[in-house]
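Inspection log for the structure reproduced underneath, given as C-alpha cells.
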Amino acid sequence: MGIRIQELRKQFEDFTALAGIDLDIRQGELLALLGPSGSGKTTLLRIIAGLEHADAGRVLFGDEDATTMSVQARRVGFVFQHYALFKHMSVYENVAFGLRVRRGKARWPESQISARVFELLSLVQLDGLEQRYPMQLSGGQRQRVALARALAIEPRVLLLDEPFGALDAQVRRDLRRWLREIHDRTGLTTVFVTHDQEEALELADRVAILNQGGIEQVASPDEVYNRPSSPFVYSFVGAVNRLPGCVGADGLEVAGIVLSCPPQLSGWGAVDLYVRPEDLVLDAQEGWSAIVLWSQRSGPRMRVRARLEHSAHEVEIELSSATDEYVEGQKLRLIPRHYGVFFSESGS
C-alpha cells in the first residue's frame, strides 16, 4: 500500500516542524527520512502513524484518507529506538501482545496467535528464545523482538524511528543487512527515520532529505549522493569541498581555472562549486596547482589535505591506497572530474 502526504503542516508554538510537505511513498518500497535534528523527520513519521496530528494537510493510505483515523484503525507497525518492550513479559508474550489485546471478532484464537508468534520468531532469527525476558537479551536481539511485535498485527505499513540508534556500530551494520532481507521477504511499505547518512544510503530504495521542515530532495541513494539537488544535500550527505567561483562570458571560473559549466545553470554571477574528495583526481597537465598540507591513511583509502596555490582555499582529496605516499610541501595538480555548481546567496 502506498502513502501520500499532501501539504502537511505542523507547528509547535514558535517552531515550524513541517512546512507544507508533499511526499509520495510507493507501495512496497523502503524509504528513509534523513535529516539533521529538528528537520521534521520524526514529526512526519509520528503523523503517518497517528501518534501526532497535523495542523493542516492530509495523509492517505492508498486511496483512503487516514488523516483523522486512530492509530488502531491505521494498522501501522511501529518500532522505536529504545525497543519499548514490556520488561515483565517474556519474548513470546511481547510478540503476542498486540494480538491478545484485540477484542471481539478481531481476536484470534490462542492457537493462531501461537503459530504467528513462532513464525515471526523464526523470521527474526530468535528461535528458542521465546521464554527469555528482555533483560536477558542483547540490544540487537531486543530490537528483533520489537520488530517481530510490530509485524505480529499484520500491519499495512511499517514505521521505524531510528531503530538502530542505541546500538554499537558493528551491530548496526549487521542489523541493517538483516532488516533489508526482512523487508524484501515481507514486501511491506516501510518508512524509517535516521540521521545516519551511511545507514540511509545502504538500506533504502529512496531517500527523502529533510531540512527545516521541508523536503530538499527525494531520490535513490545513488542520485542523492552523486547528483544532489541543493547545496544543503551536498553538504549533509557525505564529505564535500566548496569553492567559490563565478559564471561569466568565459564560462565557469573557479580558483583561476575555467571549467565546463553545467547546462542547467542559467545566468551569470557568483557561484559555489561542490566537489567530493574522491572526485578530485591527479592530473599532470591541467587543473589546480596545490601544495600538500598533510596526508593520512584510513583503511583502504588515503586522505590528503592540500592548499590551492593561487587561492587561500584548502581541499580534501581521497585517493586509492595503491597510490604513492604524499608529504607536506609536495606539489600536486588536481582536476575535478565530477562536481555540482549552485549560485551563491549573493549570486543572480
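Cβ coordinates come from backbone N, Cα and C, glycine included.
Taken from Swiss-Prot, the feature ATP binding site applies to GLY35, PRO36, SER37, GLY38, SER39, GLY40, LYS41, THR42, supported by sequence analysis. Its Cβ placed at the centre, SER39 (ATP binding site) has 24 other Cβ atoms within 10 Å. According to its DSSP assignment, SER39 (ATP binding site) is coil.
Annotated domain 'ABC transporter' per Swiss-Prot: 3-237, in sequence order, evidence recorded as sequence analysis. The predicted model assigns the domain 'ABC transporter' (3-237) a mean pLDDT of 91.
In terms of local Cβ density within 10 Å, GLY35 ranks first among the binding-site residues GLY35, PRO36, GLY38, GLY40. Each of the binding-site residues SER37, THR42 was scored by other CB atoms within 10 A of its CB, and the lowest score goes to SER37.
All protein chains considered, the CB of LYS41 (ATP binding site) has 29 other CB atoms within 10 Å.
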